[in-house]
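*Asks:* I'd like to ask you about the structure that follows.
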Amino acid sequence: MAENSSPDQNFYVGLCMAGAVSAGAYTAGVLDYLFEALEEWQKRKDENVPGTPMHNVVIPVIGGASAGGMTGIITASAINNPIKHIKEPSADLLAEHPENKLYHSWVDLLGPDMFPMLLNTSDIKKGNITSLLNSSFIDKVAKKVLTVNKNNWLPTPSFFSQNLKVFTTLTNLRGFGYNIAFNAMENPGKYYMRAHNDYACFILQDNDAEGWMPLDFKNDVNTSIAADAAMATGAFPVGLTARTLVRESKYVNQSPWCRDVTEKFPITTPTYESLNIDGGVINNEPFEKVRDVLIDKTKQDNEEEYQDFNQFKSTVLMIDPFPSEKPKHFEADKQIFKVMQKTLGSFLDQMRAKPVNLTDAMDNSKAGQFLIAPTRKIDINGKRESFGGDTAIACGSFSGFGGFISKEFRVHDFFLGRFNCEMFLRNYFTIPAEAVENNEIFKRGYEGVDKELFTSDDGKIQIIPIFSAKPPNHYFPIPTFSNGSTWPMISNKNVERFRPMVKKRAQSLILNLSTLGKLNTFLLWLGTKVLLNRQITKFFMKKIKSSLSDHHLLK
């Protein structure tokens, strides 16, 4: 059933994907199950299987930051080619799965052992250090996964809008200049400022839409710009190389979320080149931007309506491997390094702050937004404990870089993402039973259908009906890893093999920070060999091990 054939039966779901670093493997697993569920439902509707709910769930927009933004663009490149869902782990845990672009992008990457690639020194040039870690693997992954099969091109699945919108957040270091005029004693004064929150906005069509760049993977329309935008939003500050992005100025001037500045202070050159770091620095969960697109799609701009299960026509579904936590007790420690740490944290908090009306809306009594985040039970020292957020995923260690240390971590998180998504769709992505009778979309969709078959544990009705049998005892198909457990771990010996690589990269970074004379280079080399290199390596290895240990990943 096409999106436009029965618009009154369409319920729109905007996907918002937060930053994740290597935990993009979890987000990939969530999406893999979500698309599988939508495909199975559509197949039953197409075949007129009795007892099938007949409303439609349509995705008109995918927005994200960092790894979430990258995954959005990868998804856009994948929807017109066949994709085989990875329902069970392979007998060979490290086997690659190019038949599933989401898995291939985030679990396979460029091989099982990614950390040596990040520590390789081939990117370091004299006087030109661009990042602490080698970022060249990102270019290789982008080239591999954003390539499409033009000879096996399929129609866009009906659960995506035919003109799907995809956007990534950007932290634009160049920014957009503007000024505020002040009355002064003589000449009028101007207060010059710059805005640095930016967005790369694409629409899957081959012609212009105001503020949205046309993106057509089959005909190579703006595909290189999309690849650059994906790498730019994932450019973890300092750790990974900052990225340039060149766009036609008209798309920047007309951007739905930049034009409050650019309408009055437009870019006048034909193209606009920006230098960007991780989009999550300024906006890591752009759910309010996803909501803007949903409002434009449904014309339902009254918050009381779209937050009411009886009336809502759309919702935001956010996937966040690192959901924010309640702030811990604040300690007023005046030590300089503590103040520096708190200062950086304050900058990030303020840049990411949402308007109060939006944050008030993010609670579970509201219809306008839902959240999928990691959760699972793990056996720790013979005791079964519940974990959530970054502690439930193996890639959550080492500030999200943990998945680059072991492919088994990424395999675990992919299948946990699938399982969490299934449980979420069964029991949480629901509408109260009484609201089904009041909301015309769901009333028509479930007319003549046995709702008991699609009822959650707490008596609510599934928005996306799930037809498979419920897994017994919350079982999910997680493999037994090389350590003999269903929770992957890495040995201390295996981590220690990174020490000489860390030491070599630290030394190369220090020696190439600037161009020095021969004597000064020798003195710096000597100091590096004797003290700096050893201390930096010791600090870095201690951080890795302590994080792995805190996440119960080190044996």
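Glycine is no exception: its Cβ is also placed from the backbone N, Cα and C atoms.
According to TrEMBL:
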ACT_SITE  Ser66  active site, nucleophile
ACT_SITE  Asp278  active site, proton acceptor
DOMAIN    15-291  domain 'PNPLA'
MOTIF     64-68  motif 'GXSXG'
TRANSMEM  12-35  transmembrane segment
TRANSMEM  56-79  transmembrane segment
*Asks:* Would you kindly list the residues that approach the transmembrane segment (12-35) from elsewhere in its chain, counting only those six or more residues past its ends and only Cβ-Cβ distances under 8 Å?
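*Replies:* Beyond its ends, the transmembrane segment (12-35) has Cβ neighbours at 57-72, 75, 83, 85-86, 100, 102-103, 105-107, 157, 159, 236, 278-280, 284-287, 290-291, 293-294, 297-298, 313-323, 372, 374, 390, 393, 395-396, 399-404, 409-411, 413-422, 425, 463-464.
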*Asks:* Work out, from DSSP, the number of helix, strand and coil residues along the motif 'GXSXG' (64-68).
*Replies:* 2 helix, 1 strand, 2 coil
*Asks:* Pop the Cα-Cα gap between Ser66 (active site, nucleophile) and Asp278 (active site, proton acceptor) into the table, whole Å please.
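*Replies:* With the alpha carbons as reference points, the distance is 6 Å.
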*Asks:* Report the same-chain neighbours of Ser66 (active site, nucleophile): residues 6+ apart in sequence with Cβ closer than 8 Å to its Cβ, ordered by sequence.
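*Replies:* Sequence-distant Cβ neighbours: Ala18, Gly19, Ala20, Val21, Thr169, Thr233, Gly234, Phe236, Asp278, Gly279, Gly280, Asn284.
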*Asks:* Restricting to the domain 'PNPLA' (15-291), report the mean pLDDT as a whole number.
*Replies:* 93
